[in-house]
Structures are given as structure tokens and as C-alpha cells.
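J.: Pulled these features from Swiss-Prot for this protein:
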- 1-10: compositional bias 'Basic residues' (COMPBIAS)
- 1-37: region 'Disordered' (REGION)
- 4-13: motif 'Nuclear localization signal' (MOTIF)
- 24-35: compositional bias 'Polar residues' (COMPBIAS)
- 95-185: region 'Disordered' (REGION)
- 97-108: compositional bias 'Polar residues' (COMPBIAS)
- 134-157: compositional bias 'Polar residues' (COMPBIAS)
- 168-184: compositional bias 'Gly residues' (COMPBIAS)
- Asn325: Mg(2+) binding site (BINDING)
Amino acid sequence: MAPPAKRAKRGWVPPGYKYLGPGNSLNQGEPTNPSDAAAKEHDEAYDQYIKSGKNPYLYFSPADQRFIDQTKDAKDWGGKVGHYFFRTKRAFAPKLSTDSEPGTSGVSTAGKRTKPPAHIFINQARAKKKRTSLAAQQRTQTMSDGTDQSDSGNAVQSAARVERAADGPGGSGGGGSGGGGVGVSTGSYDNQTHYKFLGDGWVEITAYSTRMVHLNMPKSENYCRVRVHNTNDTGTASHMAMDDAHEQIWTPWSLVDANAWGVWFQPSDWQYISNNMIHINLHSLDQELFNVVIKTVTEQNTGAEAIKVYNNDLTAAMMVALDSNNILPYTPAIDNQETLGFYPWKPTIPSPYRYYFSCDRNLSVTYKDEAGTITDTMGLASGLNSQFFTIENTQRINLLRTGDEYATGTYYFDTEPIRLTHTWQTNRHLGQPPQITELPSSDTANATLTARGYRSGLTQIQGRNDVTEATRVRPAQVGFCQPHDNFETSRAGPFKVPVVPADITQGLDHDANGSLRYTYDKQHGQSWASQNNKDRYTWDAVNYDSGRWTNNCFIQSVPFTSEPNANQILTNRDNLAGKTDIHFTNAFNSYGPLTAFPHPAPIYPQGQIWDKELDLEHKPRLHTQAPFVCKNNAPGQLLVRLAPNLTDQYDPNSSNLSRIVTYGTFFWKGKLTLKAKMRPNATWNPVFQISATNQGTNDYMSIERWLPTATGNITNVPLLSRPVARNTY
């Protein structure tokens, strides 16, 4: 008799949880909710404490504090109970003596700083002594001869910040902390991807990303409601598709956006994930800003002798806001290819934050050379629909100076997993094939079926007994015909109706099957050798079961006949409404209750990763390019700007704002955690996978596409995301 299967130790766990409670095994599978995930991380940290000879049960540890931070907004009862339990422990238990919190995957916890080596403190003391002496000299000089002092009063103040910062690590979790001045606030520049194999085929993927970000002062300190009305285009007949008319709110803030696959993964990582994983889901996101440096620019002399002088400004500030409650309009920067970019070794800039403002639009629909008056107007602001948001009134703003840092804390995603395999089974491939009566006598011969009049099967054709592969009814409709190149008009003007991305079939019907057209710059994959133009490509979805070959679609009359004449069939050669270039497939929609179709695939590197759910009672089933739609709030938009750096000429009543020319740099670092499942092997034949070919082969996958030239020029073109096939039915 076989021994009984061993079960993981459960300990005391409330109903609906796997890790929230004492005495659990660390191998209970996937956590049930964010509070349970925090409990799992807490248990893993306790396990590391115990292995290092410490007793975390009798002392309050950093792991306890992190659990408190992660469950502060918990909605479930277990998370709330655990949160207040450890807050009570913090009030009464002594603090665990530890230099650093143990990790569970061999990497430091995001938002924490490793303790500086001893020589740092020696250098700090020397620097403090030097700065104090310099400040005293400057004060003496100022009192004796009235010479202007630069940063003199700030020197001792900066040294005091150094001493405070040296006492312990910087703060984290949704706020800024004193970094201690120039040369003290340090961090790690990490763009690695870690794979932690959890058992049962599950993999935890942790992608780190770091960028150096350059930030200029805003063009204006004001919010501006600006209007675009390109009447030179739209005032001409037939130019409706050139319409750019709109109003937007321009803000003095910038958006730090990492919502693109290329920000997080290098091409070889994406190759590994796509070739080996069957599905993937988002888990958590952490972000931090550190090593803030703010400089002022002054110009000496004039004319040909003019030179610019750059100085560190230790009193200027950078403002940081995190819209964690999604109050502000949601504006993914990848829509315009304005993320942090795909090259970790290249400095980048944030995207100017702006959003649409309500404005009615009226534009005549015309054709080329049509005579008559064209209506081309824009309305005024509506009291009913106007929404003007300011960051200063809706967000808590942190002020960072040179050397300071900021951490967002951990955001946990609530999304559905997506598949990383494609399916080839169309309607014609569902179910049981027809029966073969005679097998081929040679490798080049065809098989023989039962005569049509003697076949059994199911059809939905009345008055005819033909059972063929074309007339048989399958259990569902895979994919569907959808109207394409359809422009509808709302209050804001005409817009192209989005089409579900599907494969393009043999007919290369890109428009009919929703192929996506990307236009992008050098930070997002364009050849760095290009001059004053953009790179473009068309993304055709790898979903071989969902596309339609519209040129070969047809509709037959009733009653059905197997040999229709011209009056009994509608084909793509029959024009619609007398328009010789428009056919019924342009407007035909076959979507219905029996329709099944795949989710849009992730698009590497230019595609969006996650999106916000529309706040409407009836939600779309999917979004055009983002495979993950957050069920609750999406990750908060991270906004930055330089605070006004004014001169002594400032006049609040003047339209001219006298500012010191200021710019800054900082390092952004993110940690994106995903959960994936390894793809099991099933077929006898080898499967297709992403693989590079030799240089100079003129092949799409030629390795030279991802290699730099002698002068550093490089490109980053899209890779397949669903190379391996699977069964649907």
C-alpha cells in the first residue's frame, strides 16, 4: 500500500487565507489576496531571522513594520486584524537588533539603503570640518566688506543633515527622506531580471529598472488651458481625418512613466519569457527616486565672451506627488512613446503632464473637391462638463533637495493572467474531422471522404442536405468580422473606432483585423543613426484563430443553394451603396453570444503593460494594447517638477516671473514583480521559438538589429510574444 501523501503544514490560518497566521509552511501556493501576500513575505523574513540565530517572535522587527505598511489600507478583515496586532506589538515589544532586514531572494528590499562603509563617516567628518571652516570665512568676509555670499548659510545646515542621515537608513514607503547632502545619498543602479522558481512550474519574475532622469524647470509656473485648431487642414474639403482640434490643460508638472515592456526587460529576457512561459500575471510595483541633484545656470560676460557657469543649489527643491487614489486624469505616456525609454545607459527625460479638457467640436463631413461651405467650429467651456484639476490641491507633495530620496511603497496588482501561447484552431479546426473512407495509396495522393449525399452531421441550412466542411456548424464562432475604418463623431469631433487586434490571415487585411501601427523615437527603439524622422512598424497579432480574410467572405441568399448565381450571393466584389471601393465587409459585424476570441498579446518593447479600468457601469472586455487591466485603482501616476527658484526681482503682480535658470537630475529605480507558469512540453515535433539569425542575412531576426554600431547607434524592434502554439478545443 502506498504511503499517504504528505500535506503542507497549515498551522492556524483563518478561512480564506493561506499564510495569515502562525505556524504555516512556506509552500502553500499562491496567496489569496494582498494581505495574504504580505503575510507570506513576512513569514519568509521570519524564516531568515531564525536561520541567522535571531528570535523575531519576542522582538519587533523590520519585517513587522513592513507588514504594517503593506496592510495599512487593507479592506479584508484578516489584513486589518494582522495590521493592528503588529501595531500593538510595536508598542510593547523591544526592537530586534539587526543591521539590515533579511531578504528572501538574495536582493535588498526596495526602498532600503545598505549601511555605508566606515570610510564614508570619516569623509563626512572631514567634509563637515571643511564646510564649517569655509562658512566661517565667508561670514567674516561678508561682515567686513559686504561681499555677496553663495550658499554660505547653507553649509552648516547641510552638514547637520549629513549627521542625521548617517544615523540610519533613509525612509521609504510613500514619502521623502533626508539623504544628507551631496555625496551621501547613494543607491544601486540595477537593471537585472531575477527568476525565482517556486515549484509546480511557477516562477516569480522580478524585473529591476533604473534610469537617470533630467528635469528642466517648466516653461511656465501656471496651469494653461490651451486650444489647438488646425483650420489650414480642416478648412479643406475631405480633410476630416486630419482634424487635431481639441483643448487641453497644460501643467508645470512632468510624468515619470514606466508603463512599457521595454522599460523593464532587455530583449533576451523577453525571448526567455516568451519561449518558456505559458501565462503571466502582474504582482507588485515599487518605485523610488534618489540622488537628487539640482543645479543653477548663470551666464558671465556677453556676446562672444559669454560663458555658462553651473553650480549645485543645495536649497532649491524638487516637488514629488503620487496620485495613489487615481484622482487626476489618467494619461499613459506610452500612447505618445514618452516613457522613461528602453536603454538603461542613456539618460532620459519625463513626459510633460497634460490632460484633455471638455470642448465641443463641429466639423462638416465632405469628400475631395466638394463645393459648399465647411462648418469648422469649436465651442466654449461648458459649465456642465468642465473639470480643472491641479496637483497642488489634490495631492500631498513632497519637497526634495539635493541628496534626498523618495519611495512610493508597494502597489499590488489585481489583474487577470494572460497567455503567452497562440492558438491555430479556427472554426474549421474545431471538433472531429470527417471520416476517411480510403487512405491515400502514396505520399502525394489525397484521402477520400464519404459521398456528400450520404454523410451525417449538423448544419444550419434549410432545404439542402449537403454536409461539407464549409456548411458544418461548430460549437462556437472563433473570431469575428468587425467594421473597420469606421469613423464615428462625438461631441469632441470624429474619431476612428478601435478594432480588436487579430491575425491578418493570408489576405494581409491589416485594417480589417486591427493591426497596430507604432511610430516611435530614439529612446523607444528608433535607429539612433536616423536624422529628423521617426521609425514605424505594423504589429500583427499572433492569434491565428481570430482573423478574417475579408476578400473571401461571402453572404448567400435564402433559400440556400450550393451553386448561387450572381443575384444570390454578396461578395467583396459587390460595392456598398454605389461606392466602388467600399464593400459589405467594411461595415459587417458578426460578433455575437457564440463568439470566442483571444486577449490582445503583450507587445514588446513599445506596448503598454497595464491600464486603468474605465469608471463606467459596463466595462469593456479588454483594451486595445494593454493586456492587463487593473480591477481597482491603477498604480498612481508619479509626478515631478522643480519648485520655483525666484530672484530678488520677483513681483507677484507682474506677468513676467523672474526666475533663476535651474535644472535637476535624479535616479529613478523600479521593481516590477510578475508571476508566471512554465510551459509544459506536449508535442512530438519541436516547436517554433524566438531565435536570432546571423548578421547580414537581411532577416527580420538578424542579430544586428539588437547590436550597437561602432559609434553606438542601436535599435530595438518588436519581438514575438506568443511564438508557441497551443490547443483551444
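Our numbering is plain: 1 for the first residue shown, then up by one each step along the chain.
Glycine is treated like the rest: Cβ placed from N, Cα and C.
A description of the local structural setting of each listed feature is requested, covering burial, neighbours and distances.
T.: Per-residue confidence over the motif 'Nuclear localization signal' (4-13) averages 56 (mean pLDDT, predicted model).
Under 8 Å from some Cβ of the compositional bias 'Polar residues' (24-35) lie the Cβ atoms of residues 8-11, 13, 16-18, 43-44, 47, 70-71, 74, 76, 78-79, 82, 199-200, 202, 412, 414, 675, all in the same chain and six or more residues away from its ends.
According to its DSSP assignment, Asn325 (Mg(2+) binding site) is coil. In this view, Asn325 (Mg(2+) binding site) is surrounded by 10 other Cβ atoms within 10 Å of its Cβ, with every protein chain counted.
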